[in-house]
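Peer 1: Annotations per TrEMBL:
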| type | residues | note |
| --- | --- | --- |
| TRANSMEM | C:29-51 | transmembrane segment |
| TRANSMEM | C:63-86 | transmembrane segment |
| TRANSMEM | C:106-126 | transmembrane segment |
| TRANSMEM | C:133-153 | transmembrane segment |
| TRANSMEM | C:189-209 | transmembrane segment |
| TRANSMEM | C:241-264 | transmembrane segment |
| TRANSMEM | C:276-301 | transmembrane segment |
| TRANSMEM | C:313-336 | transmembrane segment |
Amino acid sequence: MSLEIDGIGIAFGGIKAVDGVSFTAKPGEVTSIIGPNGAGKTTLFNLVSGVYRASSGTVRIDGRDVTGLPAHELARCGMARTFQNLQVFPQMTALDNVMTGCHMQEKSNLLADLLGLGPARRATARSRDAAMAALARAGLADLAHRPASEMSYGQLKRLEIARALVTGCTILLLDEPAAGCNAVETREVDDLIHAIAEEGKTVVLIEHDMRMVMRISSHIVVLDQGRKIAEGGPEEIRTNSQVIAAYLGVHGAAEAEAAAHG
Amino acid sequence: MSELLQFLISGITVGAIYAAIALGFTLIYNASGVVNFAQGEFVVIGGMTAAALIGAGVPVWIAAPLAVIAGMLVGVLLYRLAIRPAGQAPLVSLIIITIGASIFLRGAMQAVFDKQIHRYDGFSGDAPLRVGGATILPQSLWIIGGSVAVFAFLAWFLNRTRAGRGIRATASNRMAAALVGINTGRAMNLSFALSAAIGALAGVLATPVTFTSYDVGVLMALKGFSATMLGGVGSPLGALAGGLLIGLIEALTAGYISSDYKDASAFIVILLVLFLRPQGLFGARIMERV
Amino acid sequence: MAGQGTTVATAPVETARRAHVGNGKARALIGPGLCTFLIFAVLVALGALIFPSSYFYRVGTLVWINTLAVTGIVVLLGYVGLVSLGHAGFFAIGAYATAIGPNYGIPSPLAMAGGVALAGLLALVVGRPILRLSGYYLAIATLGLGMLIWMVLSKEAWLTGGPDGMTVSGMNARNLFKLVGLKLKSAEAWYWVAGFVAAIGAAIAVNLANSPSGRALRAIHDSDVAARSLGIDVARAKSRAFVISAIYAAVAGALLALANGYITPETGGFMHSVEMVTMAVLGGAASVFGALVGALILTALPQLLTVFADYEHMVLGAIMVVTMIAMRRGLVPFIADLWNRRKS
């Protein structure tokens with residue numbers, strides 16, 4: 001499903017953290033949001049996913065207005081996300097973390113849950129299978145029974161992706177998924193995101209790794225000080241003088257260049 | 001009319017006590033982020049110590065300062081033995097620690113003193129003064145004056161003195177305060193000592209009017225809380241206003257509705273405030289960053 | 001990190017369970033709930049085997065009733081991370097309904113059910129607004145609620161007997177056992193009933209922890225925001241946990257009223273709420289076994305310390321402070337960790 005953002009904005013104490021940003025993310029594509037620190041990227045995610053309430057603008061999913069819906073209802077509309085500064089469940093195992101992502105598929109009522117009846121057990125068994133599959137896909141199958149509090153930063157980033165995937169989402173917001181990953185892991189995350197988009201999901205990505213962004217994005221939106229300063233394909237963005245001035249800099253442009261040709 | 005005036009006078013008197021307790025809460029909360037459930041015990045320590053000393057023949061002008069110093073010592077001990085060792089404990093642990101400390105102190109008071117109800121004579125006698133058609137005890141004036149003095153002292157101390165600014169800096173960011181050379185440990189000790197002293201002073205002043213016994217601390221703490229919540233957690237002005245308001249609401253409830261439920265009014269106020277305006281009258285809203 | 005404020009000092013439910021519910025195979029075979037029930041049943045029977053007098057049965061009954069009430073706290077505090085300082089209020093509603101009913105011609109079992117339903121309903125109604133709050137605000141709101149219930153019980157003497165309390169007439173557990181031809185003393189009969197109900201309560205709580213709803217609750221404990229992003233209706237889940245824990249407290253209260261034959265408003269007082277939370281954190285709020293250990297220690301200790309009755313408060317207060325400083329997750333996880341470390 002496509003995600004259409006139109007003129008969205010929010011102000012904190014008079015400062016416009018996000019100001020009238022519009023873009024559309026299409027199914028089967030990776031749309032990246034880039035920009036310097038403090039440009040409002042994560043705030044934009046928080047607005048779209050219902051953590052904050054927008055003071056202006058609309059969010060639509062396939063034309064349906066979902067602006068202002070609470071986060072859990074947006075999730076039921078098929079939106080899932082990961083978090084920049086990690087929101088895992090540290091006291092649970094990796095497996096339980098991902099099983100929690102199956103919540104919306106679990107058709108079991110409270111009474112069955114309390115009494116340990118068939119529906120509760122079957123739902124749990126199904127969730128376990130789905131979660132194991134997702135863990136394997138994120139390359140974490142070996143760590144299924146490890147408490148999340150004992151996993152590395154890069155592993156937790158991927159754990160969040162696995163958890164988001166099992167929700168059965170059609171729109172996936174990824175906030176710096178490659179942060180804290182080494183080169184090999186970054187490549188794996190890269191491939192995983194690519195494969196997710198190939199399945200026809202709408203992927204929106206915040207990322208600082210320009211090589212990765214240029215490699216997998218179909219569409220790039222550039223934010224600076226809460227406003228959109230440019231939008232377009234990787235080629236367009238790489239050569240946009242305004243973007244180079246505000247964010248990429250000469251070094252970043254060179255790196256992006258290298259990615260494009262490397 | 002004179003009836004209403006009488007209710008207002010008694011409301012302001014108890015309200016001033018609650019305000020002093022609320023100021024003590026606010027001081028500790030601002031410095032450490034801890035809501036100290038043992039705050040009411042300082043009031044009891046002040047009252048009981050003064051009563052015991054006066055009962056033993058010590059003149060009031062010696063007994064009162066000694067009682068305040070006793071409260072202060074307990075405050076520092078509370079910080080050193082219970083709060084500081086807890087370190088960066090989760091909030092639920094801190095709640096349980098301070099409630100535990102409050103129960104411990106209550107037990108200690110029962111062991112050191114007794115289970116009797118105590119009072120002593122007002123500082124300026126107990127002959128009521130006539131105001132309009134109502135009467136006011138001279139001790140009420142001591143109480144109201146004491147609370148206003150405490151508020152003024154805190155305002156001066158926190159804004160104008162080096163030690164006070166240290167407490168404020170520690171409150172807003174302990175790490176940064178330590179980095180610029182503020183002795184944050186001393187600031188914490190100081191705020192617990194001061195807060196306890198304020199509570200004990202409230203107890204010393206209030207006992208001739210409200211009486212005291214080893215087990216009134218919980219109720220005192222809860223009233224002080226209501227005042228803090230109503231005024232807005234962390235705001236000294238809010239603590240003062242909240243205390244007076246709770247006192248007035250309580251006195252008017254007792255006067256016009258039911259004296260059985262005068263204590264209930266404070267809790268109904270807390271619940272209403274929490275539902276309708278959790279930041280209180282003078283507090284600021286806080287947004288969580290994800 | 002979100003939830004820093006509400007993250008309770010609790011052990012991972014997994015670890016505590018693994019360490020204390022025998023080996024994994026038995027659990028997988030008969031299910032964790034039934035497994036817990038059987039362990040509790042064995043413990044109940046064990047008590048009956050060694051108790052020399054009615055006095056012990058009475059204390060044992062109290063232990064199981066407290067375990068049941070504290071299991072409710074485990075669901076709320078251990079699973080979801082919500083602190084309530086007013087649960088004695090729900091306990092007292094269960095107790096007083098059971099006591100008052102027969103005075104108006106309502107038979108005990110019906111009065112008991114009515115009290116439990118009333119407590120659940122009250123939790124449902126006040127839960128929504130109260131549970132929007134977190135941390136200190138929630139603690140104080142629940143405290144205020146508990147105080148209001150306690151005040152009504154103390155002041156409405158025409159209904160409740162006022163501060164002096166009231167006697168409870170009606171049902172005796174002996175008669176239940178007579179039906180199946182067993183002749184037991186009253187104290188023994190109540191011991192078995194309380195133990196049985198506590199075992200069922202524990203089994204239900206363990207089932208919950210391992211179910212879809214339970215995972216949602218534990219997710220909220222660790223990260224509210226992430227839970228929402230997964231489609232969990234946090235307000236609804238919290239409200240459910242609050243109602244469930246209120247029902248645990250009310251059932252325990254009703255049992256106490258019947259077993260003791262006498263109740264006072266103090267069953268609904270602040271100190272009782274604090275005792276319940278203390279039992280949970282002392283044993284370890286993450287598991288029902290923590291509830292049992294906490295209830296056992298804090299129920300038996302005052303009996304052992306009767307000579308030191310004057311120091312009871314000091315001992316209770318010191319336990320609270322020391323537990324929270326030295327073993328934040330409670331005794332059961334603390335000992336489980338020691339055990340695991342020694343083995344490996």
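Going from the start of the chain as shown, residues are counted 1 onward.
Each residue, glycine too, has its Cβ placed from N, Cα and C.
Give me the local environment of each listed feature.
Peer 2: Listed by sequence, the residues of this chain that lie at least six past the ends of the transmembrane segment (C:29-51) yet keep a Cβ under 8 A from its Cβ atoms are 17, 21-22, 57, 60, 64, 188, 191-192, 195-196, 198-200, 202-204, 206-207, 209-210, 288, 292.
Through the fold, the transmembrane segment (C:106-126) approaches residues 90, 93-100, 145, 170-171, 239, 242-243, 245-247, 249-251, 253-254, 258 of its own chain, all at least 6 residues removed from its boundaries and within a Cβ separation under 8 Å.
Same-chain residues lying 6+ beyond the ends of the transmembrane segment (C:189-209) with a Cβ under 8 Å from its Cβ atoms: 13, 17, 21, 31-37, 40-41, 43-44, 47-48, 51, 57-58, 60-61, 64-65, 67-68, 71-72, 74-75, 79, 172-174, 176-177, 217-218, 244, 248, 251, 255, 258-259, 288, 291-292.
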Peer 1: Determine which recorded stretch among C:63-86, C:133-153, C:241-264 has the most C-beta pairs below 8 angstroms with the transmembrane segment (C:276-301).
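Peer 2: Against the transmembrane segment (C:276-301), the leading stretch is C:63-86.
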